[in-house]
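Asker: Here you go, one structure.
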Amino acid sequence: MNETRINVDPNEIAKFEQLAHRWWDQEGEFKPLHDINPLRLEYIRNHASLAGKRILDVGCGGGILTEELTRLGAKVTGIDLGKAPLSVARLHALEEGLEIDYQQISVERLAETKAGSFDVITNLEMLEHVPYPASVVAACGQLLKPGGKVFFSTLNRTPKAYLFAVIGAEYALRLLPKGTHDYHRFIRPAELETWCRKGGIELQNLTGLHYNPLTQRYRLGKDINVNYLAYGAKKE
């Protein structure tokens, strides 16, 4: 099985292609991404220096995180397999006067030619949308420089996550379009740690991301049973 060629779900690509024109609408379907972006950025900045670094944003979509990393002085490459989201990302970066290298390529394919090229890799809200997340993690390990850091955010495969992230977020509160997530693709931290270890990455931290429906605000915390962020470092 050649995961480099088939590690993509056409239904997932089609889903985000249809919504691509709404990517920068802060009150639209991607509102949760806009809302959590400051926390994601805070987490990354707390664990890695960014200015002047070469950063790869895997599954960059329309570029919400990518642009902020660029504004902090990093040289950023954003990759995605969706053509429409990348078109939106390129146009928005042009409007903002930002130089970002956007490419329509898989992380596995990029690793074939750019091994050891990046100081920092971000892989946020992406692993749960591909058939073979372990392949993505392995490619991240190949692309990192020794000592480089990789950041993940995904959903834990727990009953609480199903209740909050699927039933609550997609059906009750309608924070996300129905069908955004497939519970069976959620990832337990132990699974992520195993994939990282096999890829030469030492996982160093897990932090929960919590949503309060009463205040409609997000915060970082200790509970990793629903959404969580993680970072690891490639062995020197």
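Quick reminder: no glycine exception, Cβ is built from N, Cα and C everywhere.
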Asker: What does Swiss-Prot list, out of Leu19, Leu110, Leu124, as binding the same S-adenosyl-L-methionine as Arg40, Gly59, Asp80?
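Answerer: Of the residues offered, the record points to Leu124.
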Asker: Per residue, counting other C-beta atoms within 10 angstroms of the C-beta, which of the binding-site residues Arg40, Gly59, Asp80, Leu124 reaches the highest number?
Answerer: Asp80
